[in-house]
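Asks: Got a structure here, written out as structure tokens. Questions coming.
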Amino acid sequence: MIRLERRLEPSRLWTVLTPLLAVALTMLAGGLMFALLGKPPLEAIRTIFWDPLFHPQFASYSRPQLLVKAGPLILIAIGLSVGFRAGIWNIGAEGQYIMGAVCGAAVGLAFYPSDSALLFPLMVVAGGLGGWAWAMIPALLKTRFGTNEILVSLMLVYVAQNILASASSSWLRSPEGMGFPGSRNFKQWPAVHNAELLPETGMHWGVVAALIAVIAAYVLLARHIQGFNIRLTGEAPRAARFAGVSPARIIVLCLGISGTLAGLAGLFEVTGPAGQVTIDFNSGYGFTAIIVAFLGRLHPVGILLAGLLMALTYIGGELAQLMLGLPGASIQLFQGMLLFFLLATDVFTNYRIRLSRREVA
Amino acid sequence: MDPVLLVASIMVSATPILLAALGEMVVEKAGVLNLGVEGMMITGAVMGFAVAVGSGSPLLGFAGAALAGAVLSLSFGLLTQYLLSNQVATGLGLTLVGLGLSALIGSSFEGLRAPSLPKLDLPLLGDLPVLGPMLFRHDIMVYVSLALVGAVWAFLKFTRAGLILRAVGENHDSAHALGYRVVHVRLAAIAFGGACAGLGGAYVSLVRVPQWTEGMTAGAGWIALAIVVFASWRAFGVLLGAYLFGGVSVLQLNLQAAGTTVPVELLSMSPYLITIIVLVIISARGVHGAPGSLGRPFHAAA
Amino acid sequence: MGDTLLSIRGLTKAYPGVVANDDVSFDIGQGEIHALLGENGAGKSTLVKMIFGLVKPDRGEMLLEGAGYAPGQPSEARRSGVAMVFQHFSLFDALSVAENVALGMENPPAPRDLARQIREVSETYGLPLDPGRTVGTLSAGERQRVEIIRCLLQDPRLLIMDEPTSVLTPQEVEILFQTLRKLKAEGTSILYISHKLEEIRALCDAATILRLGRRVGTCIPREVTARQMAEMMVGASFATPEPRGGVKGEVLLAVAGLSLPAPGAFGTPLRDIRMEVRRGEVLGIGGVAGNGQDELLMALSGERLAPAGTIRFKGTDVSRSGPVERRAAGLLSGPEERLGHAAAPNMSLTENAVLTAARRQGLVRHGLIDWGRAAGFAEEVIARFDVRTPGPGTAARALSGGNLQKFVVGREILQNPDLFVVNQPTWGVDAAAAAAIRQALLDLAAQGAAIIVISQDLDELMEISDRFAALNEGRLSAARAVADLDMEKIGLMMGGAHDMEVAHVEG
């Protein structure tokens with residue numbers, strides 16, 4: 001008979017080991033899934049995890065993609081992790097990401113075709129504010145009325161998607177687009193194009209912002225009293241109130257941080273890799289970032305690594321689609337399984353597994 | 001617009017959410033918060049569609065969908081009840097897995113048509129003027145969902161098993177101290193919730209649309225979660241919430257079809273906006289009736 | 001008496017690192033009230049859980065009327081005629097009395113019959129109860145009645161009662177004892193768990209005493225003194241707190257007209273609280289659990305803000321200030337719930353030191369926490385209050401109840417409060433640690449601080465307080481000097497007899 005015995009303290013070793021174990025289990029289950037789909041499992045795994053970085057032919061294209069995809073994932077996941085640490089479940093980052101992109105783009109396009117050097121920073125500010133404002137809706141509803149932030153932030157994703165649809169098909173539509181939906185292309189507007197900073201690296205301003213966010217979040221959570229208050233609120237809400245932490249302020253702070261970072265990610269994406277506001281520019285980063293946050297153990301450094309890994313599965317998935325004809329959806333399932341296995345193996349962090357024989361008394 | 005047709009289409013529109021919300025209500029009554037309703041619905045939608053197309057029988061499709069939803073939900077049960085994972089995170093994970101799984105399975109079913117579920121023309125009742133076509137000429141699942149509302153209500157209120165389920169959800173430590181198997185009760189509730197969500201999803205792909213497209217449940221599972229809160233964890237409240245929501249969806253679709261000057265996007269976002277507004281009103285009034293142990297992990301300390 | 005009902009032979013149960021019960025044997029006679037005595041952690045509750053089928057023994061056996069008895073779960077125990085009244089954790093707030101009773105029965109009758117039976121039994125035993133009421137709205141004493149009636153409806157042969165009087169006023173205790181004596185007369189055996197020695201002497205026919213999981217003695221309580229039983233229970237003598245005798249200074253805290261609505265569905269509202277505490281004085285606040293103790297502490301600590309003008313500290317109105325400002329002014333507090341309220345379970349002792357001492361001890365500069373200083377302060381608390389732990393990096397959850405209590409009380413005392421409000425300072429703490437904590441409180445008062453001790457342990461309050469007041473349904477009685485009080489007066493104060501105040505004023 002298997003029994004779980006609560007550890008007196010979470011195991012540090014297992015905190016680090018569980019993500020690795022989860023990745024291994026996902027590869028195993030994923031391999032099984034690929035075999036069921038009639039694809040060679042080992043080759044599929046290699047295509048997803050190895051080829052994007054080391055394939056003689058494709059690696060030169062896909063290596064820079066790693067940072068391009070990891071940037072927004074890390075940026076959003078850092079923000080989410082701060083909230084998750086406090087027990088605030090913002091799962092509508094996708095909506096905040098969209099609204100950041102739409103707001104930032106709208107501000108920029110209002111000044112078209114200005115070539116002022118101030119315009120791009122202004123758009124960055126507008127993008128952050130757009131995401132922040134969208135996150136303030138669940139924040140204020142929660143502090144004012146106690147409305148569940150999970151449901152509200154998620155409903156707002158669907159609202160944001162409709163706003164995006166309307167922006168790309170009408171009010172931000174490019175007048176030179178011959179009636180096709182989609183805004184002007186920022187790639188053809190050097191003053192505001194979020195271009196690659198170093199050639200062949202994929203490094204753009206969004207990646208820089210993600211790295212800054214990792215460092216800032218680390219300092220906040222490890223050293224700053226507000227970070228302590230955030231962690232305290234998540235660990236023991238009553239103790240936090242006893243310490244004098246205002247729950248409302250933590251809610252506004254955490255949702256504000258995650259909304260702002262998601263909005264920034266959206267702005268950098270739409271002015272860079274995506275290039276224009278289209279109905280489907282967003283590609284679900286806001287949801288995948290939830291997996292990234294958990295896989296990184298809600299720790300900034302862990303998120304950095306998890307973001308890179310998840311970016312790898314995106315690129316590897318595309319490659320596998322191309323070379324092995326693997327369905328695109330299998331990568332989505334793959335990512336979901338990763339989260340599931342992580343949550344399952346997490347039991348080792350907090351509990352000791354004991355095998356005991358049932359004795360007859 | 002024809003009011004007969006309107007009421008009839010509201011009933012069809014509300015049925016998937018009614019089924020999913022009813023199942024989730026039972027799960028929450030047992031003290032478990034499963035945020036994976038959307039994932040279970042979409043899996044039910046694709047499995048129901050696949051089985052119905054494969055077998056030619058829509059009823060078998062519904063059975064397959066219920067089974068698929070229950071199996072998927074038990075993975076959530078395994079994680080949260082035995083491995084004691086966080087219920088919020090696991091529920092989200094279930095949704096992501098369900099979305100991926102359904103897209104994978106469904107890719108070969110895009111564009112097909114499912115065998116249709118025959119409308120029951122109830123003798124006598126169906127012939128009533130106005131009321132007949134409005135209420136009594138639906139497919140069997142509409143009546144199954146309505147019967148289920150009554151069954152769940154009676155189960156929770158009058159049976160000993162229902163009392164035990166409520167007790168487990170209210171205070172799992174007390175229930176354990178009295179010797180009830182908290183984990184078993186919860187697993188049963190989770191499986192029931194999964195089966196209901198699966199049925200709801202299948203109703204979308206087999207009756208309401210009826211074909212398979214990726215991500216077709218479009219947040220219905222999340223709305224079902226909101227309706228459980230709206231209903232204050234009461235079966236007939238769930239019925240009311242689902243039908244109100246069905247009404248809003250049908251109205252906005254009708255307005256879109258009628259070509260009003262209101263932008264299409266505003267109309268299509270209206271169900272979500274209204275859900276938010278309803279949630280705010282409910283929470284401002286004070287959420288009542290939430291089970292005491294809702295969302296809290298249970299580990300029987302020896 | 002004479003015939004044995006339940007015979008316990010060599011029961012042993014070990015958990016990792018602890019042997020909860022080590023070869024425990026004793027007999028409970030037919031129609032006997034048998035006391036099980038011991039300090040917290042002596043292994044009483046594990047033993048009871050084995051008898052009730054919640055825990056399986058590693059070794060040993062039980063005989064019920066000579067036949068082997070090994071319940072695999074509580075329902076088997078109930079079928080064998082063993083019933084239990086729990087101290088905590090067995091009622092469902094949102095369910096009705098009848099539903100709660102039904103959940104504790106093997107084959108409950110139809111609802112209407114059950115309601116009738118509840119009324120009958122409650123009248124027979126003098127425990128009035130309405131089957132339709134929601135349990136969450138009942139007082140602690142009424143909740144206990146629900147549990148007792150639930151047991152009685154099954155005609156038990158053995159009734160286990162776990163610390164039944166901790167939630168009762170002295171008058172309610174008397175009613176309970178009458179019920180138990182009546183049951184005994186009808187032939188029911190009772191296993192009565194307590195650490196209150198006088199109660200046991202008044203009620204029980206035999207007593208088994210446990211210490212550190214072992215049976216250390218058996219006695220007939222009427223034939224020994226409380227002192228003798230205490231020595232068996234504790235195993236060593238310990239210092240009783242030194243008597244006080246300091247001079248009382250100026251009024252530090254003045255509360256007037258403090259009313260607050262209940263914090264949740266089943267909380268207690270505070271009603272027109274008024275009190276004064278002076279420097280060097282210990283004010284003891286008694287009362288049955290759930291009469292507003294937690295709510296009063298939260299209002300004083302600043303966790304819940306009070307209406308303006310109701311709380312004055314050092315002459316300043318602090319009613320609208322939060323915990324941080326009140327701490328800065330010198331008003332510190334210690335809540336009852338150690339894990340989750342006074343301390344964050346998964347955080348280290350160092351982090352838990354930051355929790356309340358961040359500003360007063362200068363652990364934060366420019367918003368950044370100085371972890372070195374924080375660890376230093378935690379180590380100081382650990383050393384000064386003899387907290388047994390590997391070090392300040394240990395998670396709060398890993399400490400035993402007594403050690404964590406020493407840490408959270410020590411954390412506040414070492415910050416030199418002017419006023420220290422503490423709720424249940426020694427609850428669940430072994431006798432030696434409890435004595436140390438009480439001594440620390442008295443020392444603090446001797447240095448000129450004011451202390452408010454909220455407790456359900458009347459002996460403790462009588463031992464350390466200068467004045468005593470009682471909470472009843474969120475109202476606080478007028479405080480009276482402890483020297484003028486006896487048990488009867490205290491009971492009346494706890495029961496909310498307000499005419500006493502009038503008599504006091506007129507006299």
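Keep in mind that glycine also has a Cβ here, set from the backbone N, Cα and C atoms.
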Asks: Looking at A:150-172, A:288-310, which stretch does TrEMBL describe as transmembrane segment?
Replies: A:150-172
Asks: Can the transmembrane segment (A:12-37) be said to touch the transmembrane segment (A:329-348) if we require at least 3 CB pairs below 8 Å and skip pairs under 6 apart in sequence?
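Replies: They are in contact.
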Asks: Do we see three or more Cβ pairs under 8 Å linking the transmembrane segment (A:118-141) and the transmembrane segment (A:242-268), pairs being at least 6 apart in sequence?
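Replies: Touching, yes - the transmembrane segment (A:118-141) and the transmembrane segment (A:242-268) meet the threshold of 3 or more Cβ pairs under 8 Å.
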Asks: Which residues of the same chain, at least 6 past either end of the transmembrane segment (A:96-112), have a Cβ under 8 Å from a Cβ in it?
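Replies: Apart from its flanks, the transmembrane segment (A:96-112) reaches 72, 76, 90, 119-120, 122-124, 126-135, 157, 160-161, 163-164, 167, 172, 183-184, 186, 189, 192, 258-259, 262-267, 269-271, 274, 277, 281-282, 285-286.
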